[in-house]
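Here the structure is laid out as structure tokens; the discussion comes afterwards.
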Amino acid sequence: MKIKTRFAPSPTGYLHVGGARTALYSWLFARHHGGEFVLRIEDTDLERSTPEAIEAIMDGMNWLNLEWDEGPYFQTKRFDRYNAVIDEMLEAGTAYKCYCSKERLEQLREDQMAKGEKPRYDGRCRHSHEHHADDEPCVVRFANPQDGSVIFDDQIRGPIEFSNQELDDLIIRRTDGSPTYNFCVVVDDWDMEITHVIRGEDHINNTPRQINILKALNAPVPMYAHVSMINGDDGKKLSKRHGAVSVMQYRDDGYLPEALLNYLVRLGWSSGDQEIFTREEMIKLFSLGAVSKSASAFNTDKLLWLNHHYINTLAPEYVATHLQWHIEQENIDTRNGPQLAELVKLLGERCKTLKEMSQSCRYFYEDFSEFDADAAKKHLRPVARQPLEVVRDKLSAITDWSAENVHHAIQATADELEVGMGKVGMPLRVAVTGAGQSPALDVTVHAIGKTRSIERINKALGFIAERESQQ
């Protein structure tokens, strides 16, 4: 049997982490079995679906590199197909027209709740022989079996059973002629030959209804797997304050897709004690049987740790392709300075996100207008004049500009003046970077370049002289 899965988001908002994890699990299951992965946009909610949300979903899938083999399919472009199937069901007697007014249904609901009963349609029109005009408004309901039960073997949770007496005669077409979500899903899964439906646990109650419709259509019933919820680290339902933002917000905040994928795959699935997984390892090891039935807790610190790991272990050239976007957001002109791959090597240990990296690298490429006030007050004092002058001259004398030779110049200055390296290094760091923190000084000065470093040392000396004249 050829395995075929699908990810079917509703474009009523952004692609959030819960949806991204569902997409990842569906994608991994298909790839593990050499099957196919379908992207389907369930946009039947015409009032809430937006082009912006569709674009956000596609952007998120592309950024995560969860490539699909078919689609994207749009339900709004398949209304003719859905209505044709509904008409066949009306003809076969597995569906019927319901003319009950909104007022009657509301009264029925109130009466049932007053008796402590579960609100459900009472089947009045199912058994009615009243004649109605062709243009009289009506909905179409599915004639759900009235006895027996629906049992399905959830691939994560095990067997689940629902009594048909608990299930309603579901509306499958509204009065305006539009088909409803639960029906469209069934026809889509049938037409697209989906073998495994992997989705959130909030869909468990939809599953028996959808299975009954599939059986009424004599269609094959796929396997179902319902993934548990993601909670915040406080055990409460995940919300924006926990980090439940769009996938693309994580991109904007400086995360690598590899870090987010690695984090999401472990958010409910495990393979021994392994924490770090390449994409290839995820595909090889993934199984639905290893997915937890319990809710997972979202931990931003763990995600940040993974991101820092990937910044420092992926090829710098690759990380640089993602860093480029952040550099552009900061409007940094990188034509004069180190290649971005070199920047990744320089700042990788210090920066946990690419956003942080882009916001702390400007001095490598552009001159700064002023020194950090605290750093200058502490390190650009009259006592720093001589170390800066001596190290400037030694840097000027270097013919083979390298980090090693820069280090020798700094060391030689400290030796000549008989002072510790910090007496030379800290004033030099503030002089060339404008601040009191940077990567190792030799590689920093080397990356900034000989001419620019000497110019900045002279600027710092001028700053010291000006401060002296004001005292």
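Count begins at 1; order follows the chain as displayed.
Placed from the backbone N, Cα and C atoms, the Cβ positions cover glycine too.
Mapped onto DSSP classes, the motif ''HIGH' region' (9-19) shows 3 helix, 1 strand, 7 coil. The annotation motif ''HIGH' region' is assigned in Swiss-Prot to 9-19 on the grounds of sequence analysis.
Look at C100 (Zn(2+) binding site): DSSP puts it in coil. For C100 (Zn(2+) binding site), the number of other Cβ atoms no farther than 10 Å from its own Cβ, over all displayed protein chains, is 16. The Zn(2+) binding site annotation in Swiss-Prot covers C98, C100, C125, H127.
Sequence-distant contacts of the motif ''KMSKS' region' (237-241) (same chain, six or more residues past either end, CB-CB distance under 8 Å): 17-18, 229-231, 298. Annotation source Swiss-Prot lists motif ''KMSKS' region' at 237-241.
Residues or ranges marked as ATP binding site by Swiss-Prot on the basis of sequence analysis: K240.
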Tertiary contacts of the motif ''HIGH' region' (9-19), as residues 6+ beyond its ends and Cβ separation under 8 Å: 41-43, 45, 48-50, 53-54, 56-57, 59-61, 200, 229-230, 238, 243-249, 260, 264, 298
H127 (Zn(2+) binding site), number of other Cβ atoms within 10 Å: 8
Environment of C98, C100, C125, H127, the listed Zn(2+) site - residues of the same chain whose CB lies within 8 A of the CB centroid: Y96, K97, Y99, Y121, G123, R124, R126, S128, R141
Same-chain residues at least 6 apart in sequence whose Cβ lies under 8 Å from C98 (Zn(2+) binding site): Y121, R124, C125, R126, C138, V139, V140, R141, D169, I171
Composition by DSSP (helix, strand, coil) of residues within the motif ''KMSKS' region' (237-241): 2 helix, 1 strand, 2 coil
